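Here's what TrEMBL has on this protein:
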TRANSMEM  A:31-55  transmembrane segment
DOMAIN    A:88-300  domain 'ABC transmembrane type-1'
TRANSMEM  A:92-113  transmembrane segment
TRANSMEM  A:125-144  transmembrane segment
TRANSMEM  A:164-182  transmembrane segment
TRANSMEM  A:189-208  transmembrane segment
TRANSMEM  A:220-242  transmembrane segment
TRANSMEM  A:249-269  transmembrane segment
TRANSMEM  A:281-303  transmembrane segment
Amino acid sequence: MGAQDLAGRGGGARDNSAHVRTLRNRNIRNGLLFIAPNFIGFLVLILIPVVTLFYTSFTKWSALGEPSFNGLANWRRLFADENFKTATLNTLYYAAVHIPLTLALAFGLAVLLNAKIRGRAFFRTVAFFPYITAIVAVAQVWSMMFDPKSGLINQFLGLFVDDLPGWLSSTSWAMPAVIIVGTWREVGYFMILLLAGLQTIPAELYEAAQVDGANGWQRFWHVTVPCMWPTLFFVTVTLTITSLKILDLTLVMTNGGPGISTLVLAQYVYRVAFERADFGYASTVSLMLFFICLAVTMLQFWINNRRERA
Amino acid sequence: MKALRSCLAAVAAAAMACSLAACGGGQADAGRNPDGTISISLAGWTLATRPEFQALADAYHQAHPDVTVELKEYSADDYDKQLIADLSAGKAPDVFPMKNLRMYYTYAEPGALADLSDVAAAYRGDDALRGLDDYTIDGKTYALPYRQDVWVLFYNRTMLAKAGVDAPDGTWTWQDYRNVCARLKRALPEAGYADAYPTYHHTSWQSMPQGIALAQQDRGEAREVFLSGDYTYLKPMYRLLLDMQDQGLTLPYNTVSSSKTTYQSQFGTQKAALLPMATWYLGPLADQQRSGDADRFDWAIAPLPQRTRADTAHPKSFGDPTGFAISGTIGGERLAVAKDFVRWAASEDGALALARTGTLPAYFSDTVLDAFFSRSGLPQDAMSRRAITGSAISPENPVGEATQTIQDELNIAHTSILSETKPLDAALASAAKAINGSGLLPGRQE
Amino acid sequence: MDGTRVSGRAVGRAVGRVAGYAAMAVVCAFILLPFVWMVLSSLKPNNEVFMVPVRWLPSTWHWEHYAQIWTKADMGTWLLNTVFFAVVVMLLQVATGSFAAYGFSKIAFPGRNTLFLVYVATMAVPWQAYMIPQFKMLSVIGLNDTRWSIILLQAFGAFGVFMMKQFYDTIPDELAEAARLDGMSEFGIWARIIVPLSGPSIAALAIITFTNTWNDYMGPLLYLRSPDLYTIQLGLKTFISQYDADYAMIMTGSVLSVLPILVVFLLGQKQFIEGIATSGMKG
């Protein structure tokens with residue numbers, strides 16, 4: 001909703017433009033006051049370093065010494081860079097599968113663990129465990145399970161199919177393996193956020209729906225989802241950004257391999273920056289990652305706004 | 001409102017400027033204290049568990065009571081990340097190690113390191129100091145070696161004897177090595193080693209086999225070949241490794257990488273009878289046998305197998321030196337003291353202090369090697385000593401602007417080849433294409 | 001509805017419930033497996049942690065690792081530092097985040113949507129790319145290798161603002177409007193109406209900020225050098241030396257490191273009250 005609407009509505013009782021103006025000014029002052037404590041820290045510590053990327057992406061810079069301007073060289077290089085192309089496709093692949101999968105599972109789990117079941121607190125804690133277990137341990141145990149011959153997963157699949165996937169030792173199955181572990185690890189994290197959102201739904205709405213004879217599924221679609229919309233939106237945007245920026249998991253599990261079959265953009269940025277000390281080009285690659293994230297996020301904001309207006 | 005806005009803008013501009021400019025900042029360039037003493041700072045890692053750096057600091061202080069060397073703790077694992085950050089902000093210690101040669105050019109080229117050519121000149125012609133030439137960039141030297149590890153062949157004498165196979169005698173070619181492994185594969189189960197492999201290749205590192213292949217190729221000097229843009233010299237070693245993992249003579253790459261196998265757990269608990277590895281494992285293996293972390297068995301080292309029988313007379317191996325460099329921001333008395341410390345660390349005196357901690361120094365004199373091998377639990381035979389002193393040592397990461405890019409691309413090829421997800425020729429060809437396309441190779445700059 | 005059908009249904013329901021719990025028990029075991037591996041590894045001799053063929057149980061049980069990590073290593077210092085960072089960052093993030101979120105959600109001022117989008121957009125930039133400029137900036141004012149660096153680094157992220165703003169959006173604007181007409185100040189509305197209604201979301205933000213600060217490795221790695229400032233994640237890395245590592249000790253530390261997070265989690269999730277909450281509209 002626009003700023004004008006709200007100011008107008010607030011002054012609705014005594015409708016005169018002078019009052020609207022004072023209210024507007026008061027709102028600006030108050031709004032800025034509320035935002036200031038966070039914004040000042042945010043501006044200095046995050047926004048400014050981020051803005052410098054726009055400059056360093058046009059430079060040759062090893063992090064030591066000063067960046068030297070080299071025009072469009074980094075950008076030209078980007079479009080001829082096979083590693084970058086593969087990393088972009090891998091990132092989109094990861095995100096496209098990981099986002100809906102995680103969202104659906106986390107939402108389902110949150111609804112389930114919000115219901116009155118015995119041992120709820122215990123199950124919630126268990127669900128959060130993958131997120132706090134050391135990532136080395138996670139990678140290790142999953143690698144055992146993914147072992148093409150002795151792993152649990154293939155032994156189970158072997159009951160049904162003959163042609164078993166090679167998982168981490170195959171270029172086409174390594175990414176699905178990473179997605180499975182990524183989802184397994186993050187479901188509990190997003191479940192926490194969704195659980196908090198579920199708490200904000202007024203019980204009366206469910207009672208009213210029940211009186212109207214709505215079944216469980218209808219209540220879910222017509223009460224839970226609409227009331228959860230702001231939270232769902234937040235979770236979707238956050239999930240999108242973290243998926244597009246996925247790094248630590250591939251770093252520990254596959255280090256981008258075999259070959260570059262699980263190399264993702266954030267890891268490529270990390271490699272170019274720290275393995276090759278090429279911070280100029282790393283800025284260029286990270287800006288591309290930024291633009292991809294931004295495009296998807298803007299789309300989500302646009303859909304959200306349309307929905308709110310509707 | 002406006003005042004606030006312009007104030008914010010000023011802060012923003014200032015912050016942005018210092019986030020990019022080469023902020024010397026630096027510590028106040030203090031010379032000697034009034035009482036004539038001076039202290040310099042030295043970066044090191046695993047200070048609590050490894051005596052290496054403390055031993056150097058203490059020995060230097062003992063010889064130069066007016067100088068104190070203060071240790072600053074860094075991460076062994078992510079050392080270069082911390083050092084890049086510190087150097088970029090002018091906060092680096094006075095003296096710091098160059099862990100290997102991979103990042104050396106990156107540090108030296110923008111002037112972050114002090115020119116040590118005058119210190120290096122003192123060692124020209126001194127054959128005992130290994131690895132010094134590896135630090136030369138356009139005739140100048142920015143670091144001096146104090147450690148030099150060499151890749152050798154570790155063997156478990158107990159296992160070989162029980163299996164009835166002759167121990168390496170320093171004349172093995174890679175073909176011999178492979179044949180011995182094939183015999184071990186048949187003999188080990190009968191000798192009571194049911195789940196052991198003949199050998200273990202630590203292919204989590206690309207240096208196994210790329211370092212070996214570079215050192216033993218016959219096309220020319222390692223640095224030139226490495227920077228030539230043609231990587232077909234890697235093929236014979238990769239064919240050997242692929243063949244051996246297919247024959248079950250060693251743990252296959254896919255298992256090594258996904259289970260994060262450590263070489264200590266394979267060789268130390270007798271899951272492999274042979275192990276090509278560097279001399280940095282000598283001290284820890286002896287220590288682990290004493291503490292019970294490793295099994296007790298009789299072992300020794302031999303020179304790496306060679307490409308041809310003729311080569312075995314003068315075996316070729318590889319290993320990057322570890323050196324000390326000095327921050328480019330210090331000067332005056334402080335710089336002079338730092339230079340003297342770096343000179344001393346490379347010398348026989350520094351080497352002796354280091355050798356006693358079980359670390360192989362870069363100064364290979366008889367006295368130093370006596371001190372090194374006097375540590376209990378190390379093999380005492382002549383061949384073990386010859387494996388170190390008799391091997392010609394090529395760098396693993398020859399220094400050049402393209403070094404990091406080449407290694408990164410070759411590592412991608414490495415995982416493709418050994419995971420058998422891409423044919424050998426195709427993987428090396430695409431690495432060569434990417435490296436040549438980077439425009440970083442000598443004579444090919446834009 | 002006759003009696004037999006009711007009891008039939010009750011039996012069916014009971015069977016279903018047992019099956020449901022059995023399924024959940026299997027899922028739990030599956031989820032906890034890596035943690036179990038971590039615990040078992042912490043009790044192994046070091047060489048058995050990453051051995052092939054894999055062995056799950058230690059050949060000898062090294063319970064003493066749990067004593068050694070306090071005596072031989074500096075776990076006590078690391079723990080205190082980590083608690084300090086995690087608590088301070090959590091408080092700052094929750095306070096400034098919910099404060100700013102109120103401005104974004106409940107006060108209409110021109111440009112707020114753009115500003116909000118800028119916040120969210122910065123979340124999309126990979127930190128590895130701008131950590132060096134950020135490091136140089138904080139170093140110029142001498143904050144590298146101080147406690148301040150980690151606090152400043154973590155406390156002002158966009159995440160908390162975004163999250164709290166979205167939760168506040170679920171609280172009807174009418175509540176704030178009514179209070180305004182009653183002459184309550186904006187701060188009063190935030191403190192006395194909005195915050196009391198956002199218990200679960202504040203708890204969720206607190207849990208997540210605490211966990212992320214607790215487990216952060218790259219921040220401390222880059223900024224902290226003095227061993228007396230080390231956090232657990234950074235301290236555990238001192239068990240890794242140049243060519244080998246003490247993995248059993250790392251696992252010991254990692255197991256211990258999970259416990260405080262569990263405490264915070266259990267405290268925080270108590271805010272997720274029984275079943276569905278009654279809305280703020282009533283209160």
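From the backbone N, Cα and C atoms, a Cβ is placed for every residue, glycine too.
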Positions whose Cβ lies under 8 angstroms from the transmembrane segment (A:189-208), at least six residues beyond its ends: 102-103, 106-107, 109-111, 113-114, 124, 127-128, 131, 219, 223-224, 227-228, 230-232, 234-235, 238-239
Interface-richest range of A:31-55, A:125-144, A:164-182, A:249-269, A:281-303 toward the transmembrane segment (A:220-242), CB pairs under 8 Å: A:281-303
Stretch among A:31-55, A:125-144, A:164-182, A:249-269, A:281-303 sharing the most Cβ pairs under 8 Å with the transmembrane segment (A:92-113): A:164-182
Interface check, the transmembrane segment (A:281-303) with the transmembrane segment (A:31-55), three or more C-beta pairs under 8 A: yes
Beyond the flanks of the transmembrane segment (A:31-55) by at least 6 residues, Cβ under 8 Å: 67, 283, 286-287, 290
